[in-house]
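Q: Before I ask anything, here is the structure I am working with.
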Amino acid sequence: MSDYKSTLNLPETGFPMRGDLAKREPGMLARWTDDDLYGIIRAAKKGKKTFILHDGPPYANGSIHIGHSVNKILKDIIVKSKGLSGYDSPYVPGWDCHGLPIELKVEQEYGKPGEKFTAAEFRAKCREYAATQVDGQRKDFIRLGVLGDWSHPYLTMDFKTEANIIRALGKIIGNGHLHKGAKPVHWCVDCRSALAEAEVEYYDKTSPSIDVAFQAVDQDALKAKFAVSNVNGPISLVIWTTTPWTLPANRAISIAPDFDYALVQIDGQAVILAKDLVESVMQRIGVTDYTILGTVKGAELELLRFTHPFMGFDVPAILGDHVTLDAGTGAVHTAPGHGPDDYVIGQKYGLETANPVGPDGTYLPGTYPTLDGVNVFKANDIVVALLQEKGALLHVEKMQHSYPCCWRHKTPIIFRATPQWFVSMDQKGLRAQSLKEIKGVQWIPDWGQARIESMVANRPDWCISRQRTWGVPMSLFVHKDTEELHPRTLELMEEVAKRVEVDGIQAWWDLDAKELLGDEADQYVKVPDTLDVWFDSGSTHSSVVDVRPEFAGHAADMYLEGSDQHRGWFMSSLMISTAMKGKAPYRQVLTHGFTVDGQGRKMSKSIGNTVSPQDVMNKLGADILRLWVASTDYTGEMAVSDEILKRAADSYRRIRNTARFLLANLNGFDPAKDMVKPEEMVVLDRWAVGCAKAAQEDILKAYEAYDFHEVVQRLMRFCSVEMGSFYLDIIKDRQYTAKADSVARRSCQTALYHIAEALVRWMAPILSFTADEVWGYLPGEREKYVFTGEWYEGLFGLADSEAMNDAFWDELLKVRGEVNKVIEQARADKKVGGSLEAAVTLFAEPELAAKLTALGDELRFVLLTSGATVADYNDAPADAQQSEVLKGLKVALSKAEGEKCPRCWHYTQDVGKVAEHAEICGRCVSNVAGDGEKRKFA
């Protein structure tokens, strides 16, 4: 028997079947770094229209987690897809480097500033620590395959950036948005500092819930208001609170002007409550025998005075819109120093903003004899005992409720009125302008707009001052007596910024006021406060984007972060940009959900359900992690587990196998001389290129809309359905058995080449390592990297006017599917082994029959059978299988006649008819020794 294997065009490629990504990717990264791939891309894209995705800086503390990976990979997919879309899209990664978490780490290792070393030395240690954290995170981000200017990132602790942050504050002051006030702010007693809204988390806490009676100063006046005289005992207005420790700061009782308030007689006294809450309050305090003596509107009680139960002064009843009937008594204990609503109404009524609590959370001396020096959370029991002793406590019980806590310490925080600096939301119209700007931004998903609108509409003034050591100084001088800002504040801030640009923030603390103020220095003091770190990151549109040369003065097109950043970076950036420039700092804002485990649970080390990106990269490779990110709908929670990553690895194998098939079958193909013109190609090959063209249109639309899971789904459909289960199966016969340089084979290779050129680019933003690997095996002259080019423009398709157009082949796909069902049944029944052992007869109605007949002898190649004939639908025998998909089709199967050709494996009756090649079929003889077979359709 002759060996005809050498006459076949068997697939061959050096592209490995196994990705072996965990081992192979680091080598690719080394090449990218050695070649300065990021620099090559920048040079290639120079002069193109820009797309700027501004990196929200992660905090320089700790290793990256799976959420960081999601964030950076999404950004990288966008930047790379924009590059392929013809944009110059520079990516400058950044880090947030100041603030409390770094201070705490340094304190743990070295102690607090002023103890073992100076504040200046402490700042130097903080800077050093942040730099090591940046280096660690940078290595992991690079390992993810994220391309960016990693050698020149922006750090909020860069001297120039620190200086520009000071300049941003100067601009805000110049525009009239800064004011000083003793407003209640979130205060962590462990941090001994104010906290931003975004630094507050909520946890369940058990607190005492108490009902307290404030006795009326003028009993007769109250009786007159209610038009009653027969009251037994004193009259009191009853408040309800879950923070007894705030009662020393009580300066009023708030009631609602439009609520009905009832005077209720109980045993030995009368109490005033909201009428709608009488029943629930009576149940709570255990009173069953009571009488409503009368009712009045809350407005009638305004400014009547009531005695504080133990502080020795009386307080007014005032009217407030914040009073509700959700719980309590309808009368709200009001302490302007301990709550934002209380503060606002206190300002309206001219109440004292009392703050009896020190920065460590203990009462200041002179507050009350049994409370001085006591921690506020330990004082609740003392206050309850005091109220009991004074006869003012109507009820006490334990209650679990959601309570604000410090994001760092996880401990309860307090509202505390302290002298702070604020960016005003309303004094110069910042709130109104911000709300206007929000409407001009595209929010992805679109619910983000309503979310941030609600936050901006309801947020208080922004407290931007902090009492910390490691932070950008506010760089202000205030008058010793008046506490007014120096009249030359903006000029002085610029002088400070120039010094900071050279020596960093330490320049402020080293500065002698006389250097800038001269003889005035004795009248002014340096403000010791630092800026909220959210001001640092929120001003990067100015301190970074406006000044980096690669951005060329363009504003950011996109901000992309997790959904918690509506109240964080998106908010602070919007506030600062609008306060500085009157406009939003971004055109698009995209948010992604949080990562959860396979059961939808939050990631937690204590549960043990965390997924480490480092582990995934070391086991499966970064491309698997990237494919998981891209294939998950980021608009909701993003589930990840070993099982989910295994599914991503399975999808990856399908894509890789498709790419490998294309490369292996392009062996020996030189596009410069072997390309077949479209009009000379086999029709099926043109259809396949048209499939790629349609897929590319869908994929590019999905990239443009940031619907990456749609990109992956379309890519998978193309690889699995259109290519894998149809086209690639059909062409194997022609590709392997036709003459090597025949039009039949070169047509097929031309199609594969066009498809591969498109496919490698579709993959590149997501499967960056694999795309780079594929790129290196593609035939023909090309740039060194796929990332410097653009989407492939060489695709074409069939015209609708052609007889064998897309609709024709779509119908053929269905016919092929129906034939496959019959073959599978025959294989199950042991009638045939493989499809080439079968011959099929297609009984079709006239319209379908005409289409099938048009393919002539090539119909069998489409169906992967050794024989295929078309007959009239009405002539079908009883055992012919009726198609469920095509009403006018029945399929009958028989065993193919003739012998099996050892070269092409088809069964034919002309095997051995040519004496010189007595073992193979006539078609193979032509391909081996003759002019070669001609293919027109398939």
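Each residue, glycine too, has its Cβ placed from N, Cα and C.
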Q: Looking at 22-26, 132-136, 602-606, which one is motif ''KMSKS' region' according to Swiss-Prot?
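A: From Swiss-Prot, the annotated motif ''KMSKS' region' range turns out to be 602-606.
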Q: Would you mind telling me which of 58-68, 102-112, 564-574, 729-739 Swiss-Prot tags as motif ''HIGH' region'?
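A: The range carrying the motif ''HIGH' region' annotation in Swiss-Prot is 58-68.
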Q: Indicate the candidate from LYS183, LYS605, CYS921 with the smallest number of other Cβ atoms within 10 Å of its Cβ, considering only these recorded positions.
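A: So among LYS183, LYS605, CYS921, the recorded positions given, the one with the fewest Cβ atoms within 10 Å is LYS605.
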Q: Roughly how many Å separate the Cα of LYS183 (N6-acetyllysine) from that of CYS924 (Zn(2+) binding site), to the nearest whole number?
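A: LYS183 (N6-acetyllysine) to CYS924 (Zn(2+) binding site), Cα-Cα distance: 91 Å.
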Q: May I ask for the distance between CYS921 (Zn(2+) binding site) and GLU561 (L-isoleucyl-5'-AMP binding site), taken between their Cα atoms and rounded to an integer number of Å?
A: 64
Q: Note the Cβ centroid of CYS901, CYS904, CYS921, CYS924, the recorded Zn(2+) site, then list each other residue of that chain whose Cβ lies within 8 Å of it, in sequence.
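A: Everything else in range on the chain: THR737, PRO902, ARG903, TRP905, HIS906, THR908, VAL911, ILE920, GLY922, ARG923, VAL925.
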Q: Measuring CA to CA, name the entry from the binding-site residues LYS605, CYS901, CYS904 that ends up nearest GLU561 (L-isoleucyl-5'-AMP binding site).
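A: So, of the listed binding-site residues, the one sitting closest to GLU561 (L-isoleucyl-5'-AMP binding site) is LYS605.
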Q: Of the binding-site residues CYS901, CYS904, CYS924, which sits closest to LYS605 (ATP binding site) by Cα distance?
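A: Going through CYS901, CYS904, CYS924 one by one, the Cα closest to that of LYS605 (ATP binding site) is CYS904.
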Q: Could you give the mean pLDDT over the motif ''HIGH' region' (58-68), rounded to a whole number?
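A: Here the mean pLDDT over the motif ''HIGH' region' (58-68) amounts to 93.
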